[in-house]
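These notes concern the structure reproduced below.
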Amino acid sequence: SLTKTXXTIIXAMWAKRLFTSYPQTKTYFPHFDLHPDSAQLRKNIDNIHSALSKLSELHAYILRVDPVNFKLLSHXFLV
C-alpha cells in the first residue's frame, strides 16, 4: 500500500506527465476523470499496482498492443 505522500506524488505525476506530455493519449481514456479533486483517482490511487497489472495484461494479451508503445508511457513517468 502506498503512503499518503507517495500517493500524492503519483497523482501529481500522472496528471502532469502523461496527459500533458502526450495530450493525444486523452482520446484513449475518455472515461477517466482527471480533475485534481477526482473521486475516481482518489479511490484507485492506493491500488495502482493492481490496476496497472490488469492494464498490462489487457494490452499485452487481449488487445495485443505493440510493446514499443509502452516506451511512451514509461517515458512520461520518468520525465
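Every residue gets a Cβ built from N, Cα and C, even glycine.
Annotation source Swiss-Prot lists N-acetylserine at S1, citing experimental evidence. Marked as domain 'Globin' by Swiss-Prot on the basis of sequence analysis: 1-79. The phosphoserine feature in Swiss-Prot is assigned to S38, S53; the stated evidence is similarity to another entry. According to Swiss-Prot, the heme b binding site annotation covers H59, on the basis of sequence analysis.
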For S38 (phosphoserine), what is the secondary structure by DSSP, using just helix, strand and coil?
coil
Lowest local Cβ density (other Cβ within 10 Å) among modified residues: S38, S53:
S53
Packing count at H59 (heme b binding site) (other Cβ atoms within 10 Å of its Cβ):
16
Please give the average pLDDT for the domain 'Globin' (1-79) in this predicted model.
76
What is the interatomic distance between the Cα atoms of the residue listed as 'heme b binding site' and S53 (phosphoserine), given in whole Å?
10
